[in-house]
Amino acid sequence: MSSDITGTAAWQKLRDHHAQIQSVHLRELFEKDPARGQELTVTAGDLYIDYSKHRIDRDTLGLLLELARSADLEARRDAMFAGEHINTSEDRAVLHTALRLPADASLVVDGQDVVADVHEVLDRMGDFTDRVRSGEWRGATGERIKTVVNIGIGGSDLGPVMVYRALRHYADAGISVRFISNVDPADLVRSLQGLDPATTLFIVASKTFSTLETLTNATAARRWLLGGLGLGNEAVAKHFVAVSTHADRVAEFGIDTANMFGFWDWVGGRYSVDSAIGLSVMAAIGKERFAEFLAGFHAVDEHFRTAPLEENAPVLLGLIGLWYSNFFGAESRAVLPYSNDLVRFAAYLQQLTMESNGKSVRADGTPVPTSTGEIFWGEPGTNGQHAFYQLLHQGTRLVPSDFIGFGEPTDDLPTADGTGSMHDLLMSNFFAQTKVLAFGKTAEEIAAEGTPEHLVPHKVMPGNRPSTTILAPKLTPSVIGQLIALYEHQVFVEGVVWGIDSFDQWGVELGKTQAVELQPVLTAAEEPAAQSDSSTDSLVRWYRRQRGRA
């Protein structure tokens with residue numbers, strides 16, 4: 001059985017330490033240690049990370065690192081990189097880090113050279129996307145491809161759509177990418193609106209080629225394509241490719257298995273954007289930029305693998321997240337990128353973090369004795385400032401925040417008076433928000449400005465709201481890879497300390513099964529039998545009446 005981390009000496013010391021530090025304000029911490037703004041920073045690849053605005057001191061850090069060592073973090077990290085089967089419930093290795101190993105690396109797992117396998121697929125992806133981007137690949141009517149449509153869900157959608165939007169400036173071949181994920185037909189109808197079937201290529205991303213939502217949408221897309229072209233099934237092979245490992249099902253659909261790109265059981269969906277699941281991204285930005293994307297991941301992988309825990313960005317940030325979850329009782333973390341190109345980053349992190357660490361049992365099947373799984377959410381700045389920052393600043397809930405910003409913009413324009421940069425204006429808001437969250441403004445300071453007495457309490461900014469600042473020179477393919485890897489490894493750190501399996505997702509399965517069972521109940525011509533609970537029974541009957549099926 002896994003040891004109970006809450007019974008370790010390090011956990012008890014942290015509990016005692018929290019009792020002492022919980023009422024200490026960040027103002028006091030900075031007054032006591034004026035250099036903390038320079039010293040409580042860490043660099044990983046191109047990422048400059050300031051964690052000084054957290055409710056920690058050097059004793060906190062020492063105790064958190066002691067906790068990590070009590071959980072055998074370093075050995076668990078090494079086991080993951082070595083390909084040991086750390087996903088115990090599914091008896092699998094966890095090797096998303098192998099997806100970005102350079103071609104001259106070597107990693108043999110279960111008797112297979114996984115690096116050679118990875119680069120064989122990458123080479124095939126590169127050859128295929130070169131043909132699409134150059135116009136060599138033609139549709140069934142002889143026209144070149146202008147739009148790629150990725151059909152997938154979960155990790156087969158969230159990663160590609162996030163990265164494509166982040167790297168839109170690098171889409172240089174005149175190919176746009178759209179994404180279909182939801183089984184709600186409105187998603188497909190909207191996504192196909194205005195497209196020409198003759199110039200559209202679909203990527204169907206499903207490892208088993210049996211995912212209900214994906215195959216439903218792919219079938220509808222095939223119907224749209226053939227109807228629009230006025231051609232038979234032979235046209236499918238010119239307009240559909242697959243990311244899958246199930247050749248029989250792919251061929252049955254009408255896709256040439258020569259255009260099927262596989263990945264492996266040791267890659268979880270939420271860790272797969274740098275695998276063949278990223279084919280749509282490669283089609284947009286090209287294989288050279290995709291290689292830079294992978295190199296960014298690898299840079300942070302190597303940092304995580306080799307840096308001492310005291311200087312290890314994912315370790316420090318993961319432990320700080322755990323500090324708030326388990327000792328301050330915080331339930332969520334806001335992710336606030338000051339880049340509109342990262343509009344889908346928070347949604348991507350929701351799956352990465354919450355599907356990984358939203359567990360109530362440990363790897364050995366025993367109950368987790370403490371809270372797990374931070375709730376991730378957020379929006380790009382400055383939009384969030386006019387929506388939910390009120391709660392961050394003056395609400396009663398503690399919400400640690402991650403601010404992500406860039407030295408150079410992907411776009412820039414003059415300010416309203418024509419004398420400045422809109423990016424500078426954006427970043428002035430960025431730095432102001434982290435400052436105000438940390439230090440706030442006291443009642444005395446507000447009263448001294450002549451504020452009417454009855455308004456003073458309403459205008460007090462309490463501060464002491466923690467945040468991490470993550471800066472990079474520019475949002476590039478390498479940098480987005482680095483950002484993703486930074487959060488991937490934070491997830492791992494928290495999961496190891498909690499003793500959970502961060503790489504399975506059994507909690508999503510029962511709902512799928514029940515949906516399959518309920519579909520004929522909703523659609524049958526005859527009145528259905530009573531459901532097992534009165535709520536579901538009455539809801540099903542309401543829906544049937546709306547659809548004219550009494």
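Don't overthink the numbers, they just go from 1 along the chain as shown.
Positions of Cβ are set from backbone N, Cα and C atoms, glycine also.
For Glu355, the entry in Swiss-Prot reads active site, proton donor, with the evidence type sequence analysis. DSSP classifies Glu355 (active site, proton donor) as helix under the three-state reduction. Counting only same-chain residues six or more apart in sequence, the Cβ atoms lying under 8 angstroms from the Cβ of Glu355 (active site, proton donor) belong to Arg270, Gln505, Val508.
The active site annotation in Swiss-Prot covers His386 (among others) and is backed by sequence analysis. Counting only same-chain residues at least 6 apart in sequence, none has a Cβ under 8 Å from the Cβ of His386 (active site).
According to its DSSP assignment, Lys512 (active site) is helical. The annotation active site is assigned in Swiss-Prot to Lys512 (among others).
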For Lys512 (active site), list the number of other Cβ atoms lying within 10 Å of its Cβ atom.
12
